[in-house]
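Novice: I grabbed these lines from TrEMBL:
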TRANSMEM  7-27  transmembrane segment
DOMAIN    43-224  domain 'ABC transmembrane type-1'
TRANSMEM  47-70  transmembrane segment
TRANSMEM  82-103  transmembrane segment
TRANSMEM  109-127  transmembrane segment
TRANSMEM  174-196  transmembrane segment
TRANSMEM  202-223  transmembrane segment
Amino acid sequence: MVKKRYGIILFLSVILGLIISLIDMVVVRKEVWSMPHSMKYLFLNTISMVFIAIIVAIVFSIIAFIIFNSRIGSKFYKVYKLFIELISFIPYIAVLAILVIILGSGRKTVIILLTIYNIIYFSNSIVKLKEKTSVEMINTATAMAMSKNEIFIRINILENKNNILKVILKGIRFNINILIISSIIGVYTLGSPIIFGFKALNIKLILVGILPIAIIMLILSLLTESSKGEF
């Protein structure tokens with residue numbers, strides 16, 4: 001079953017590549033395509049922004065939790081957790097509007113938006129991972145004279161590799177959804193054809209934009225299901 005699923009993922013990846021190439025060869029040359037960039041550019045720009053934001057957020061979240069596991073930092077852990085929870089209640093479209101007013105529209109603004117919400121997402125995920133770690137494992141590690149940071153890295157992180165993979169895959173899907181809306185400020189992503197199509201009331205352009213996004217989401221969904229463990 002797993003091999004079959006990976007076969008489907010490989011097949012869909014090939015189809016995705018062919019569709020992007022076909023759009024660039026056929027659709028981009030027609031009047032329906034009202035953007036200065038190719039679909040390949042939109043795809044690569046989307047992937048690069050997601051990659052940068054996720055890497056920065058993961059590194060920040062891990063460093064933050066190592067700090068909050070220290071004797072001094074542990075005093076502020078609840079404050080940090082509460083702060084993250086409060087920010088998570090703010091709609092990302094509102095944060096995007098604030099960032100555009102302060103920084104202006106552009107790629108940098110969108111990457112900052114993605115990074116902020118990735119930090120919230122991964123910080124919450126790490127909290128859940130810590131809560132799901134068995135007390136027996138932590139007690140055993142403590143009896144072996146392991147420090148809090150060693151317990152965090154070796155048990156909370158390394159023992160939950162499959163769960164973390166699921167978290168990252170779900171995070172990528174979350175990022176792509178944000179990027180679709182972020183195209184309204186003029187940043188060219190996979191969501192741009194949908195936004196341009198909506199503005200021009202052009203259903204064909206919207207459908208062209210939906211196709212690669214739908215395949216990417218399906219691939220990510222299959223990869224998430226293929227990951228062992230639950231989160």
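Cβ atoms are placed via backbone N, Cα and C, with glycine included.
Since we're looking at a predicted model, the values are computed, not measured.
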Novice: Quick test of the contact rule: Cβ under 8 Å, at least six residues beyond the ends. What residues does that give for the transmembrane segment (109-127)?
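Specialist: Contacts with the transmembrane segment (109-127): 49-50, 52-54, 56-58, 60-62, 64-65, 80-81, 84-85, 87-88, 92, 95-96, 99-100, 103, 156, 164, 167, 171, 174-175, 178-179, 182, 185, 187, 189, 231.
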Novice: To the transmembrane segment (174-196), which of 7-27, 47-70, 82-103, 202-223 is linked by the most Cβ pairs under 8 Å?
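Specialist: Result: 202-223.
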Novice: Under 8 angstroms, Cβ to Cβ: which one of 7-27, 47-70, 82-103 has the largest number of such pairs with the transmembrane segment (202-223)?
Specialist: 7-27
Novice: Sequence-remote contacts (6 or more beyond its ends) of the transmembrane segment (7-27), Cβ cut-off under 8 Å?
Specialist: 33, 38-40, 43, 208, 211-212, 215-216, 218-219, 222-223, 226
Novice: Which sequence positions outside the transmembrane segment (82-103), separated from its termini by at least 6 residues, show Cβ-Cβ distances below 8 Å to it?
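Specialist: Beyond its ends, the transmembrane segment (82-103) has Cβ neighbours at 109-110, 112-113, 116-117, 119-120, 123-124, 178, 181-182, 185.
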